Structures are given as C-alpha cells and as structure tokens.
Amino acid sequence: MESIFHEKQEGSLCAQHCLNNLLQGEYFSPVELSSIAHQLDEEERMRMAEGGVTSEDYRTFLQQPSGNMDDSGFFSIQVISNALKVWGLELILFNSPEYQRLRIDPINERSFICNYKEHWFTVRKLGKQWFNLNSLLTGPELISDTYLALFLAQLQQEGYSIFVVKGDLPDCEADQLLQMIRVQQMHRPKLIGEELAQLKEQRVQKTDLERVLEANDGSGMLDEDEEDLQRALALSRQEIDLEDEEADLRRAIQLSMQGTSRNICQDIPQTSGTHLTSEELRKRREAYFEKQQQQQQQQQDPPGHPCEKPNTSSGALDSDLGDAMSEEDMLQAAVTMSLETVRSNFKTEGKK
C-alpha cells in the first residue's frame, strides 16, 4: 500500500487532508482553501448588504467570525464543495431521505467524504478495494466489500454526516496499480494519538532510566548489578574450589590410611607412603635377619671355638623367630614411614 497517497493529520487541517487523500495528491494547500473561504465570506457579505449596510443584521454579520474557516485551519462543507467543483465533482448527502429512496448499494460508488464535529476524512475505492483514508490513522485502512455497508452504518449511528462524491476522479497511480493486484493487510493501522501516546510513554521511561543512571553518579545501575553478579560468581567459584580441595585432601588421607592398613594386614610393604619397593624391604629384612643370627651365634659359641652349624630343628626355630622379629620390626618401620609421609603431605597441602 506504499503507492496510496495518505496525508497524516497536522493541526486542524483535516479538510485539506480529506481533499488530497480523495484526489490522491497534493492538490490543495491551506492558502488555496483559505482563498476559497474568503471568497465565500465576501459573497455572503454582499448578499447581506443587499438589505442595507446600515441594518442591524448587516452590522451583526460583520462582527461575527467567518463561518467558512477559523484560525485553527478548519474549513466548512461549502469550502470543500467549492474546491471539488474545480474538478467537476459534486457532493450528495448519503443519509438524506432522497438518496436512501434510490437504494443504491455503497459498493457501486467510488468515494465518500465523512464529517463529525469539524473532522473530515475520505473513504475511497482504489482499484477493486476500499480504503479508509482518515488522516488520524497512521496509514490507509483496508475495508472489505462486506464490511463497507456496516462501516458506513456505524458512522451514521455515531453522528457522522456522509457525502457521496459524484463525478470522475482524476487518475492516480494507486488506482491503476490496484486494478491489477489485490493487497492484504495483516495489521490494522493505529490512531495517531495512540501511537503518539506510546512514543511519549517510551520517552518518559527512557527519561526515568536516565535519571536513575545519573543518580548513581553515571556509573550505570545495570553495570553495577552486573559487577555484583560477577563478584558473587567469583566468590562462589572460590568456595567451590576450597570445598573441592578439602574433599580431595580428605580422600587422599583416607586412601593413604587404607593403603597403610592394607600393607600391614598383608605384611607386604607397598609403595604407599614409604616410597620403598617390596624388593628393597625384602633385602633389608634379610640383612636384619643375618645380623640377628650372627649376634646369636657369637653369644652361644665361646671365643676360640669354631662356629658350628646349628642342627636343622634348632636352625629352623631360630630362623622362624628371626623372621617373626624382622617382620614385626620391618612392619613397624613401614607404618612409621607411612605416617611421616602423610604428615608431610598435610603440610604441603596446607601451604598451597
């Protein structure tokens, strides 16, 4: 509907917008309509002067303001009618008894001019579709053929005066284009007052936000909120990290103690906490066993006598005793070293 000419309301120049929207172009200006209004005023003055320029009626007429225009930009039906005569167009009252008797279907007309309380607007057929070209709307409003009669009847109930425009309207691009295509309207246009109210509300909200931001020394409330959120997230992450470290430390202690207990139960020193392999522990145990045997032999044999090899039963008993003692001593040493390693790990973790 971009090809449709639609003047929006400016001041009280609805009569100008009504005529230009009807003719689909900038055909009339306020100056030209004012000229027509002055001409009508002069014709009326001359008729009143025929009764005598000294008559009371004539003096009263001169004191009254113009009935064809005012300072706001309003123009009377006489001005509109005379402006359309230039184009060979005529206005007939649609809701008059004479016209109603003709029973003419509104769809068979080409355009209407509507007036209520000094507001004028046009309803016109362009191509094969009807449009409400009210200057108070943000754009043309599509009216279906079935809705046209109801729309006009509603205007009549609201007190509008409706005029049928008779005659050939000047050619226009929109009429030629819409003869070939039909348009669809997804969203009905709003009243300019509603749009202005929404824009005003948006400006007020924006101004309030700017005042709030200025009250916060220009730092920006939204930025402060975002910074607070980031700090809260950072603290939360730190707390989670500390909790994770404590949980890891507790698990390490538990595993270390489990490893020590398991090594003790198995009588096999493993690598947990001692850093000694089973082979190293075995060698130390054998060395300790040999040292114990040598000491026992020195105590049993007097000096100067050659060392006699113990018999099998005695040797086996001593060997078992030496093994038991070495096992116990070595396990105790492994436990001690494991505990020292755990304490060292605690200190290291605490420094971190």
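From the backbone N, Cα and C atoms, a Cβ is placed for every residue, glycine too.
Shown in sequence order, Gly73, Phe74, Glu118, His119, Trp120, Phe121, Ser135, Leu136 are the residues of the chain, 6+ apart in sequence, with a C-beta less than 8 angstroms from the C-beta of Cys14 (active site). Sequence annotations record features per position, and here TrEMBL assigns active site to Cys14 (among others).
If you look up TrEMBL, you'll see Cys14 marked as active site, nucleophile.
Residue environment of His119 (active site, proton acceptor) contains 18 other Cβ atoms, counted within 10 Å of its Cβ in all protein chains. Sequence annotations record features per position, and here TrEMBL assigns active site, proton acceptor to His119.
As annotated by TrEMBL, active site applies to His119 (among others).
The active site annotation in TrEMBL covers Asn134 (among others). Taking a C-beta cut-off of under 8 Å and a sequence gap of six or more, Asn134 (active site) has these contacts in its own chain: Phe121, Thr122, Glu141.
Annotation source TrEMBL lists domain 'Josephin' at 1-180. Across the domain 'Josephin' (1-180), the model assigns an average pLDDT of 91.
The region 'Disordered' feature in TrEMBL is assigned to 288-332.
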